[in-house]
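Annotated in TrEMBL:
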DOMAIN    A:18-100  domain 'Lipoyl-binding'
MOD_RES   A:59  N6-lipoyllysine
């Protein structure tokens, strides 16, 4: 299983042709207390850059964009009832969606952990 | 006040302390201000409701209006505001609004009369940071020759808010305990001269402490040394005032809204209503008797999704009936809440409305404000 990162602070963990997508610890720390998460329905087709989800912190609403093309196979229903999980475990239990990849070559455009860390350090 | 390195933002006298406390600084009304500290907005909000929070509000404008005697100074201000200022007693503070000729609100502000009869003829004003320049220009332009506006540039303003504020304050400034809500006094805090009022903008008991810039950090550190006090940023200041049903200028009030539309008719005292001698009196008095086209209401949303400023308000039939002016998750209520303007026929408590967020219709109900009970300290009648 490999994990990739986007410049929009999403992580994508790939297992076969299914990718689990969430937001990074850096992203949650910037957002502050998360109070609401809006997720797409299973079956929705996303193109890279489409709005995939919305995260609302106390301060503001932020969009989460699809880092790759694919079909949503599952959304994390637990976040609807417990949005604060995004602050507690953003890169684990608080994943957002699972996507069936339709263009795996797009993963090559994303960063690995070391590159993402350097990217965040440079912000 | 000093200028920070980036974007020509101004800094308050507590800028170094905020950085030391790990604050996230953001631009606000031309100042670099703490939006939150590491504990986060919800924890800061809850701490203020349960214990005591320290707020740097030094960005707000402080000024004196100075004339030969109280009556002269009060009359000069009454030309611009609809409140009873002549009848304000020594050491008392009042919330009021500066009005334009159309009865629209230029700014909302606090006015207090000198504590001492020896120093009368002086009113202390606290105005919104983003409106300082506009307010001062309007005030100065309308003053008679014997009353002058003295803008104060060398003082900080620190708010201590919450149910434990009074206990904490008593250890440093015992005289502060004598003040009731909207009372003001000059007193010493650990030997430092301050002007203190028992007021704030969180709905809780508490104080606002005006002090020379150079002594502000000493006061803030003395308060923060108390375990009951934590620093609170602008994020929680906003959620606290929203829950308390208090307006934020530039959002819930602007130059087009009148005090009647804004549901703050308590700024109009009886003598002034009867005399009708304030800017925009024709409009305001006719709205008082005949109603308005829109009025500010509080709304509670049914789900978890918040509706924010700008969200459209619809009635049960799907017709547009208003707009949200402030909204967000309310930590003490435990649900999203909003304020907005609706046509009066939809303003009744219990009315079902719909708030439109990202194309979705979120069910909401009109509710009484404040959303959370205000807990100001009023002296027991003896």
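Cβ from N, Cα, C; glycine included.
Bear in mind that the values here come from a model prediction, so they are computed numbers and not experimental data.
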Task: Secondary structure composition of the domain 'Lipoyl-binding' (A:18-100) [DSSP: H/G/I, E/B, coil] - done: 15 helix, 35 strand, 33 coil
Task: Same chain, 6+ residues apart, C-beta under 8 Å of the C-beta of the residue listed as 'N6-lipoyllysine', given in sequence order - done: A:31, A:32
- [ ] Check the domain 'Lipoyl-binding' (A:18-100) for me and report the mean pLDDT.
- [x] 96
